[in-house]
Every structure is written in structure tokens, then in C-alpha cells.
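According to TrEMBL:
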- 54-78: transmembrane segment (TRANSMEM)
- 56-451: domain 'Major facilitator superfamily (MFS) profile' (DOMAIN)
- 90-109: transmembrane segment (TRANSMEM)
- 121-140: transmembrane segment (TRANSMEM)
- 146-167: transmembrane segment (TRANSMEM)
- 188-212: transmembrane segment (TRANSMEM)
- 218-236: transmembrane segment (TRANSMEM)
- 248-273: transmembrane segment (TRANSMEM)
- 293-315: transmembrane segment (TRANSMEM)
- 327-347: transmembrane segment (TRANSMEM)
- 353-378: transmembrane segment (TRANSMEM)
- 390-411: transmembrane segment (TRANSMEM)
- 423-447: transmembrane segment (TRANSMEM)
Amino acid sequence: MEAEIDSGVFDYDAYPEECPLLHEAHKDEQEIGCTQDEVEQNESKCCGFGKNKVLTLISIASVNFCLMACYSILAPFFPNEAMHKGATDTIVGLIFGIFSLTALVFSPIAGRYIVHIGAKFMFVSGILISGVCTVLFGLLDKASSGPMYITLCFVVRTFDAIGFAFSSTTSSAIMAQNFPDNIATLMGVLEIFTGLGLLLGPPLGGFLYSAWGYEMPFFIIGGLLLLMVPLNMILLPSQEGTIFKASFFRLLMLPPIIMSSVLVVLQACSVGFLDPTISIFLKNQFQLKPKYIGLVFLTLSATYAIGSPIIGYLCDLKPNLRRPSMVIGSLMSGICFCMMGPAPFIYAHQQLWIMVLSLAINGLALGFTVVPIFAEMLDTALQNGFEEGLSTMGLVSGLFGSMWSVGNFLGPTLGGYLNDHLHFQWAATIQGSLMLAVGVIACVYYLKDAAQWRLKRESEGTRERTKEETSDETAPFILSHIGVPHHEHQVFLSTHPSR
């Protein structure tokens, strides 16, 4: 004991009898002390986000930007290159579509096994796979034309989608785990980087292709994504979670989850609908050049990127605004699509400013619906018995990703088909009508659900009041039975309140 005192390191718990006062004081210190996690939480509350959370946000935001740039970089030049290699329009469409189909399958798988594999490992592995596949795609022009080239395009694109599903699913789950009180706000912030990646990918790819040829866009963007691998291994903190049995299909069968999933699919479908249709309509109807068509597209991305963090902040500040926001967004999108043509029954002339205004408002509508949905789906899962933790967040993230992939595949497919057979005015009207119908259905469902919740609360309150009244009525009888005099009943009850 003397040696420990001399060294300045003394174990108070080892000598409770020799130093009783010091032992008790040390116990009190331990009881009122804070753990390291609590210190970090207090720091984050008082001084904003802690260091680890800031690094997490920077890592995921940068990766989101690079992933979406890699996804969209093909649009300006790949279709023509593929046709020179023997691919038809249908094959080119399938090469684009296989990405969404693969993400549809692997997003829920990634969410289901995120804790088993490890969130950080899955996130970094997804980045590595996507980066390698992007670089490999730049070498496909060396392959012989015909079936060999087409097969390699499908294979590389499929593995690229697997990496994308791993990274995007894990990133949403990590954000939800690290920022549980700011999910919608941070999702809105991330959508800025997602939108920038989608927005800057095509012009950047077109510029690099024009300046240095086919390989360079893939080498530069893919190399940038590969650079994110060691950076995230260093910067991204470890993400831990508890493994527990959770069913993806049980989550999917919850009525509020079904409603949210339908809204996600339709919003993704509305975005994909515009890809094969609006550029042709603007060129034929208004004789716009490609650079001006790009500026028209910019209006949707700009309003979405600006509005998303504001909408997320408001939905985090007032969680009761989530469902109204989702309904309003769906109805706004429906009206905007009906005005884009405009719809034949509106009897309005086709004017460019109406199209631009409709796209700008639709960007805000997209934010109103998409930004709060993840937080709403997560709350629904927790309220229905799913344990709070990385496993549940992974399931919700995987479901969100798979539903978005469904819409991403259906949008261009149905949009192209309807545009070929019915022309743009009717095609946009059908898309808008679907959005309006689902918006009305969601409004009715959420109002009914809110009414049922109020009735349940009132019923529980009535039961509690009945229980208290019954307790008050039986208390005098019980007190008399145990021998408490009648004149002392009130004093006894006041000093021994019922629990």
C-alpha cells in the first residue's frame, strides 16, 4: 500500500478497511462521474456535433458525391459508344436498368447483414468495388464488338451496383445511428451532395470525354472514388451494433411502411420518368440546344438541393410535420407533372416558362416527400417492436434503397413506353395522376391512423381514471380491515399515495 501511495497510483477499492473514508469518497466520485460516451454526448449537445460525428458526416457526404457522379457519368457519351460496339437501343437501356435491378436485390441484403459483416467494413468495401468497376468500365472499349462487349458491360455494371448498394445502404444506417435526433436534417444535407453528384456527373463526363477520350472520365472519377477507400479507413470511426433477429418481410408488411414504400417508389419513378422523355420534348417542342436542356434540368436539382436541408430541419424540429410533408409533396408532384405538358384537358398553351416553373416546384415537392420518409420509416419500426440499434437501421435503409431502385427502374421504362405511344402530354399526365391518387390515399390513411391513435390514448386514459377511482373506493374498506381507525383514513392515504 505504501508503494502505491508513493507512486501516486492508489487503488481505493483494494483497501476498504484500511481507508474507509477514502473508499467511500471514491465510490461517490464513481457514482457521479461520467463515462467517455456521456462526455462526448454532453459535448455534442453543448458545442454541436463531436469530432467523430463531424468526421462521419464528411466521409459519407464525400462518398455520396463520388458514387452519384460515377453513376451518372455515362449519360452523355456511353449510348453512342455502345451502339458503335453493336448494342441496340434496347440493350443500352437494359445496361442502364441492370444497375437499379441489382441494387433492388442487394440493398435489403446489405441492410440485413450490416451488423454481421460490420458497418465500416461493408461501407469501405462498397466504395472499393464501385471504384474498381468504374475504372474497369473505362477499359471496355478495348473489348471486341458484339456479344463479348455487351456481356462485359452487364457484368461490370452489375458488380458496380452491388458496391453502390453496400455503400449507400450502410451510409444511411450509419447516419441514423450517429445522429438519432437529427435524421431528417442530416439526410437533407446529404441530398445536397447526392444532387451535386448527379448534376455534375454528366457535364464532367462529357468534358473529359471530349478532351481526352472514352477512358479518361472513368479513370478520373473512379480514381477519386478509390482514393476515398484509405481516407475512410482512417477518418471514419468504427460503427458497432448488436446482432438480433429481425425480419425484413415483417418490416415490409407493416401498413405505415407499405404506405411510405409506395411514396418512395413513385417519387423515384417520377425522377426516372424525366430521363428519357423531357429532353426529347424540349428539343422537339421548343428547339432547345443540349446545353439549354441541361439548364432546364438544373432547376429541379437546384430547388431540391436548396430545399432538402430546410425541410429536414423542420421535420426534426416538429416530427408531427413528417406525414403532412409527405402528403403535400406527393400532391405537389402530381400537379407539377400535369402542368409540364400541360395536360390536354387543361387547355393551356405549351410554354417554356411553365415547364421550368413546374420542374422547380417539383424539386421542392421531391424534398417534401423523400427527406422525412427515412425518419418516419425508422420510427414506425421502433414503435412496432423492432429493437433500436444498427440492425434495425440497416433494415430500414435497405428497404428504402430497394424501393428507390424499383422506382428508378420503372420510371424510365414506363416513361419511354408511354412517351412512344401517347406522347409527352399524356405520359406526364398519367404520371401526375398516379402521384395525385397516392397522395389522396396517403392523406386518408394518415388521418384515419391519427384518429385511431387518439381513440387509443383516450381509452387508455379512461382505464387509468377508472383504476384510480376504484382504488379510492376500496381503500377505506381495506384500511378498516387492517385496523386503521376511520378518522385516520385521510391521513394514511395522504402519506401513502397509491402507485
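Residue numbers in this text run from 1 along the chain shown.
Using the three backbone atoms N, Cα and C, a Cβ is placed for every residue, glycine included.
Packing against the transmembrane segment (327-347) from elsewhere in the chain are residues 263, 266-267, 270, 278, 354-355, 357-359, 361-362, 364-370, 424-426, 428-429, 431-440, 442-443, 446: each is 6 or more residues past its ends and has a CB under 8 Å from a CB in it.
Model confidence over the domain 'Major facilitator superfamily (MFS) profile' (56-451) is summarised by a mean pLDDT of 86. The stretch in 146-167, 188-212, 353-378 that contributes the largest number of Cβ pairs under 8 Å to the transmembrane segment (218-236) is 188-212.
Panel annotation: around the transmembrane segment (121-140), residues 63, 67, 70, 73-74, 110, 113-114, 149, 152-153, 156-157, 159-160, 162-168, 170-171, 174, 214-219, 221-223, 225-226, 228-229, 232-233, 236 of the same chain, lying at least six beyond its termini, place a Cβ under 8 Å from a Cβ of the stretch. Under 8 Å from some Cβ of the transmembrane segment (248-273) lie the Cβ atoms of residues 108, 111-112, 326, 329-330, 333, 337, 362, 366, 369-370, 373, 376-377, 380-381, 384, 386, 395-396, 398-400, 403-412, 414-415, 427-428, 431, 434-435, 438, 441-442, 445-446, 449, all in the same chain and six or more residues away from its ends. Contact counts against the transmembrane segment (353-378), taken as Cβ pairs under 8 Å, peak for 293-315 among the stretches 293-315, 390-411, 423-447. Beyond its flanks by at least six residues, the transmembrane segment (146-167) meets 63, 67, 70-71, 82, 85-87, 91, 94-95, 98-103, 106-107, 109-110, 122-123, 125-131, 133-134, 136-137, 140, 401 of its own chain at Cβ-Cβ distances under 8 Å.
In summary, the transmembrane segment (293-315) lies against the transmembrane segment (188-212): three or more C-beta pairs, each 6 or more positions apart in sequence, are under 8 Å.
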